[in-house]
Amino acid sequence: MIGTLVSCMLDLASWLSSYGHDPWGVTPLTAQQRRSSLNSSVCEARQPSVSAPHGNIWAALTDKEAADVVDLLRRDSTGLNLTAYDSAGSWDNKILLVELLLPNKSDALPLLNNKTTKAPRRCARATLMFGATPNPYLQDYVIGPLPVTNMTEVQPLRFLYNNAGKGRVAVDFADGGALVDFANGVGLSVADITKLLWNATLEDTLSLLPGYPPLRDKGRLTVWYNFVNQPASIFDTETILPLGWHYNGIFYPTADAFRAAATSANFTKLGANVDGPWAQLDKQGDPMKFDNQPPPTPVMPGPNRFSVDSKESYVEWNGFYTKYVMLARAVENEHPVELAPNCSSTIHQLGLQEALAHYAGNEPAQSGTIYFDSKPGVGPSVVSLVDGYDCPTYSTYLNATYQEGERSYSRANAICLFEFDQGYPMHRHSAAHYTTVTKNIAFTVRSVSTIANYDYMFSYNFFLDGGIEVSVRASGYILGGFSANNEDYGWKIHDHLSGSIHDHVLTYKADIDILGEKNSLQKVEFVRAVAE
């Protein structure tokens with residue numbers, strides 16, 4: 001599906017291959033709504049177009065391709081015993097995801113180097129959940145070639161993986177609904193204690209927040225749950241409202257032991273984190289001086305200085321950089337990026353591979369928490385951008401397509417493209433009778449993914465001197481801990497709230513060919529030498 005150029009925005013349904021969720025809160029007016037008074041001729045003049053040198057071999061699956069793959073996988077001849085996604089339960093086999101399997105670099109190079117006009121074989125990648133077994137697991141499959149014909153094969157996808165399972169991953173708690181019911185039952189068994197401590201139970205304002213991943217020890221899996229207060233407003237403040245059988249640094253092995261301690265005369269009762277304006281994101285307090293005056297705003301005085309082929313998801317900026325852009329389920333990639341006109345140096349892939357967050361704390365749930373954001377997916381969690389805040393008002397906005405289960409969906413205004421003055425010159429020099437200064441203009445491709453409590457803003461900045469900068473900005477709500485006895489693991493930031501120390505580790509892949517394909521990587525370091 002190819003969108004149309006309306007109100008200075010390009011709607012590209014083929015820009016992404018991912019699945020996602022709705023943005024939180026009230027959806028703001030889009031750039032299209034703000035510019036509804038502009039006619040299409042003005043917009044076409046504002047956004048130059050270009051014809052891509054060849055078809056986009058990284059384009060997301062079309063609706064028909066995805067539907068045909070789903071139909072093939074569900075045939076009895078495959079032996080996969082799949083149940084339709086909408087009616088599948090925890091103990092059924094089902095399709096979790098169908099997306100494009102990126103072509104191998106070796107298969108793509110002949111087309112990119114103009115040695116052939118034939119595109120590489122097109123294949124799909126499907127992630128299947130096998131729940132109809134005592135030991136549930138996930139398995140990736142490759143389906144190709146596409147379009148689906150009698151020659152299309154369905155095979156386990158193994159060549160990507162180095163682990164012993166070759167793409168098969170065990171699922172610890174496939175029957176997630178039963179686990180939630182069990183945990184809630186355990187939590188309700190101490191309702192008298194939670195009522196005593198916080199005047200609340202799981203039947204009213206409390207909920208359970210599990211630690212992730214499960215702790216493994218000698219074949220045993222352990223999951224710790226935190227009691228947390230449910231948000232009392234539209235703001236999702238659950239991760240900063242923890243309430244504390246591990247209480248005040250003491251481990252109580254049974255509910256009865258906890259109950260006996262909680263009702264004793266010398267029991268120390270800690271306070272609770274209660275939702276309120278302090279936890280909300282609306283503007284509070286007195287305005288700053290001059291806050292009622294409009295701030296500086298970037299303006300594009302003429303047409304955009306980059307070109308877009310909407311059909312092929314292709315972008316060209318000043319002839320220096322050419323690229324096809326796509327978002328996959330777990331990562332964001334650009335393919336390829338030419339470093340200069342007619343240059344023999346090319347980045348074949350530039351993109352995020354994983355975003356990990358590792359937390360610390362004085363209690364087992366917080367100290368054992370490690371989030372791999374590729375699990376919910378960075379691509380799947382992409383949200384609509386806010387014009388004038390996430391991106392300049394003159395940006396070109398692109399839509400996204402994504403798959404969830406067996407269906408395809410779309411996300412409006414998921415990627416923005418724009419030029420921006422960096423506010424300092426790229427080059428300058430002053431001599432006796434001559435001064436030269438060169439503006440530092442960068443071209444940016446940007447998206448925002450909201451993964452639970454965090455918003456990640458991913459920007460790819462391309463500079464005229466050949467430099468490429470990748471930046472990530474994180475915002476949102478922290479995964480807070482209870483402040484009691486947590487001084488070594490985070491600062492106390494509210495009455496009973498600790499801002500838990502944690503690390504964000506993001507890994508990117510840059511596949512670069514410089515003056516040919518036979519490149520090597522050399523590590524150079526300074527080593528101290530002792531001289532007499």
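All positions are counted from 1 along the displayed chain.
Note: Cβ is positioned from N, Cα and C throughout, glycine not excepted.
Owing to the predicted nature of the structure, the values given are computational and were not obtained by experimental measurement.
Features as listed in TrEMBL:
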type	residues	note
SIGNAL	1-20	signal peptide
DOMAIN	82-150	domain 'Copper amine oxidase N2-terminal'
DOMAIN	243-286	domain 'DUF1965'
DOMAIN	300-528	domain 'Copper amine oxidase catalytic'
ACT_SITE	ASP373	active site, proton acceptor
MOD_RES	TYR454	2',4',5'-topaquinone
ACT_SITE	TYR454	active site, schiff-base intermediate with substrate
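Residues 186, 189-190, 192-194, 196-198, 206, 224, 226-233, 235, 237, 362-365, 480, 482, 484-485, 494-497 of the same chain lie 6+ residues outside the domain 'DUF1965' (243-286) yet bring a C-beta within less than 8 angstroms of a C-beta in it. Summarised by DSSP class, the composition of the domain 'DUF1965' (243-286) is 11 helix, 4 strand, 29 coil. Mapped onto DSSP helix, strand and coil, the domain 'Copper amine oxidase N2-terminal' (82-150) counts 11 helix, 26 strand, 32 coil.
Here the Cβ of TYR454 (2',4',5'-topaquinone) has 20 other Cβ atoms within 10 Å, regardless of which shown protein chain they belong to. Across the structure, ASP373 (active site, proton acceptor) and TYR454 (2',4',5'-topaquinone) place their CA atoms 10 angstrom apart. The Cβ neighbour count for ASP373 (active site, proton acceptor), using a 10 Å radius over every protein chain in view, is 21. Regional average pLDDT for the domain 'DUF1965' (243-286) in the model is 80.
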